[in-house]
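Feature annotation from Swiss-Prot assigns region 'Transactivation domain' to 1-143; the stated evidence is sequence analysis. The feature region 'Disordered' is assigned by Swiss-Prot to 159-239. Per Swiss-Prot, compositional bias 'Basic and acidic residues' is recorded for 189-202, 210-221. The region 'DNA-binding domain' annotation in Swiss-Prot covers 234-310. Taken from Swiss-Prot, the feature SUMO cross-link covers K241.
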Amino acid sequence: MVPCLQVCKAKACSAIEVQIALESLSTTIYNNEEWTLRDTCEELWLTEPKKCFKKEGQHIEVWFDGSKNNCMQYVAWKYIYYNGDCGWQKVCSGVDYRGIYYVHDGHKTYYTDFEQEAKKFGCKNIWEVHMENESIYCPDSVSSTCRYNVSPVETVNEYNTHKTTTTTSTSVGNQDAAVSHRPGKRPRLRESEFDSSRESHAKCVTTHTHISDTDNTDSRSRSINNNNHPGDKTTPVVHLKGEPNRLKCCRYRFQKYKTLFVDVTSTYHWTSTDNKNYSIITIIYKDETQRNSFLSHVKIPVVYRLVWDK
């Protein structure tokens, strides 16, 4: 069967367009790079971002409605070659909570918009981005008042160490606390060349906190008692500190793991601190075993970092 005239004309025009682009690219410094037939084929030329040459794609998984069973795969390219105002340029893809983009003549250009994809494949306008060992959670899934510059969530673990560790009574904001590191390997975090805003420093700790029975009305003298006294009842907790909308998103996700904790607070902040841009949520456990199970099974956006409110 012979294709119709319109189809033949469209294919011929596309082939000529690719040929002209390759001839133009061959006059640049990029002609010394290794190029394969796949790198220069028409199919890849018309793949997003269109009318650009692309190399070394990395698959990105997006989970819609927070479900791994409702996921789609997209591609972020290590190298993108586009013909801009200053001739041919070589850039790489970037990934953030909004989508996949590249910088075209100084402008961030998204070629995959996760919000639009969520409308097609999801119902709750919630999505998670997963690539290799990194994940991005969209703050828009819990609040319409989110800011575009989202700080990473830091896990704040205020703990009482095991019996073999010496602990001290700690006044929040005034003294340092004695903590013990959890045995085992420290979680690994690979810095992504796509999005420097997700850089973090890893420091893994485990503890549990005993809150003093006497509560001073002066917030500056409020203290957390970590001394191991016979008969004292301790409650294992984990504190997460970060940007409020991001914390709400984490708290929403934790509902899938209700059997791994007793309760979780709403977002709050200490009245004694001047920094109101960060909030805290506290997760309470019935014992250390449950807490350890929670930390083993629940994926938190960034690795644990010890932070004391000042």
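For all residues, glycine too, the Cβ spot is worked out from N, Cα and C.
Keep in mind it's a predicted model, so treat the numbers as computed, not measured.
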DSSP residue counts for the region 'Transactivation domain' (1-143), split into helix, strand and coil: 40 helix, 55 strand, 48 coil
Cβ packing number for K241 (SUMO cross-link), 10 Å threshold: 19
Overall pLDDT for the region 'Transactivation domain' (1-143), taken as the rounded mean: 87
Secondary structure content of the region 'DNA-binding domain' (234-310), with strand meaning DSSP E or B: 27 helix, 16 strand, 34 coil
